[in-house]
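Scroll down for the structure; my scribbles are underneath it.
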Amino acid sequence: MRSAQLDEFRANKSRKWELRDIFGYIVEFSGDQHGSRFIQQKLETASSEEMEIIFDEIVPQYALQLMQDVFGNYVVQKLFEYGTAAQKARLVATMEGQILGLSLQMYGCRVVQKAIEHVLPEQQALFVQELSPSVLRCVKDANGNHVIQKLIEHVPPERLGFAAAFRGSVYELSTHPYGCRVLQRCFEYMPEEQTRPLLDELHKYVPNLMVDQFGNYVVQFVLEHGKPQDRAMIISKLTGQMYNMAKHKFASNVCEKALMTADPESRRKLIDEIMTPKQDGLSPIMGLMKDSFGNYVLQRALTVADPDQKELLISKVRPHLVNMRRYSSAYSKHLSATIVLTLLAVERLIEKCSTGDAAHAEGATESS
């Protein structure tokens with residue numbers, strides 16, 4: 001049952017409403033779509049007196065209720081943003097003993113994340129303490145994983161024991177839709193002494209993770225942001241498997257990332273591998289050109305290869321391109337749109353690479 005005050009607010013848009021007009025109705029307005037939006041806007045410029053009145057109406061009795069409400073949670077988030085240290089401490093006190101439940105709840109998890117960003121380190125410690133026994137449960141939860149990520153981002157690593165909790169579960173987390181994100185945050189924010197055991201564990205499973213729909217993201221992350229030794233270990237697992245991996249839906253992304261992040265010598269080896277005819281005499285290039293995933297790896301190789309290797313690669317691609325172009329003209333009705341588009345993309349890329357290299361060579365000649 002709505003109050004007359006809220007009915008009036010919803011009906012009378014022409015009136016210039018102020019926070020003082022809804023004192024006594026803050027909780028009700030916070031749980032209403034339009035009322036919540038109004039309070040959120042006003043909190044940004046509220047006086048200290050107005051802020052105190054709003055806190056007094058919500059805390060402690062209605063704080064938990066609003067934290068878990070579809071509209072109320074936004075008001076509580078604003079209180080964490082604009083409240084004083086003392087007011088935020090009062091809010092945190094209402095959450096004590098409830099942080100796990102809030103973290104697993106659709107709207108509560110947003111409030112917990114906002115709190116982590118805006119409270120003092122000793123208050124953050126309360127969140128860590130309550131969630132630590134259930135950290136793996138949170139990581140695998142659609143809502144809780146965001147809270148764990150936020151803690152990893154904002155709490156000094158020496159105050160977190162999460163890395164130790166993840167040992168022995170790296171494969172399980174890497175292949176989990178939410179766990180893979182949390183692991184990436186660990187590698188991004190935690191120091192070497194905490195992440196090294198996790199990375200050592202990860203390396204045991206790299207071939208399996210490359211072909212996993214979530215694990216491939218973790219491998220890509222380490223390739224892009226990891227230490228040279230970790231990058232080298234991953235690339236060594238790709239060596240000898242480049243052709244098969246390049247044609248795999250998920251591993252092809254890892255192949256591209258490896259080509260982009262490898263040191264020059266390793267990159268040459270990987271590209272050599274996709275140029276060298278197989279034991280049966282068939283060219284890997286033809287297989288990659290016709291493959292819906294492999295063609296992207298081939299295109300990436302064309303863009304990152306050193307000039308001399310790029311020239312060799314283009315010379316090997318061109319004859320296949322001519323043959324496939326003839327074939328596509330003769331059998332266009334039977335060819336998939338993907339293959340036709342791939343041919344066009346590879347043709348354009350070769351043209352671009354050739355033009356770019358020619359211009360570069362011309363410039364070099366002029367300068368000499």
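The chain as shown is numbered from 1 upward.
Cβ coordinates come from backbone N, Cα and C, glycine included.
Database features (TrEMBL):
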DOMAIN    1-343  domain 'PUM-HD'
REPEAT    21-56  repeat 'Pumilio'
REPEAT    57-93  repeat 'Pumilio'
REPEAT    94-129  repeat 'Pumilio'
REPEAT    165-200  repeat 'Pumilio'
REPEAT    201-236  repeat 'Pumilio'
REPEAT    237-272  repeat 'Pumilio'
REPEAT    273-315  repeat 'Pumilio'
Surrounding residues of the repeat 'Pumilio' (201-236) on its own chain - C-beta under 8 Å, 6+ positions past either end: 167-168, 170-171, 174-177, 179-180, 183-184, 187-188, 192, 245, 248-251, 253-254, 257-258, 260-263, 266, 270
Summary of DSSP states over the repeat 'Pumilio' (273-315), given as helix, strand and coil counts: 29 helix, 0 strand, 14 coil
For the repeat 'Pumilio' (273-315), the mean pLDDT of the predicted model: 90
Secondary structure tally of the repeat 'Pumilio' (201-236) (DSSP, helix then strand then coil): 28 helix, 0 strand, 8 coil
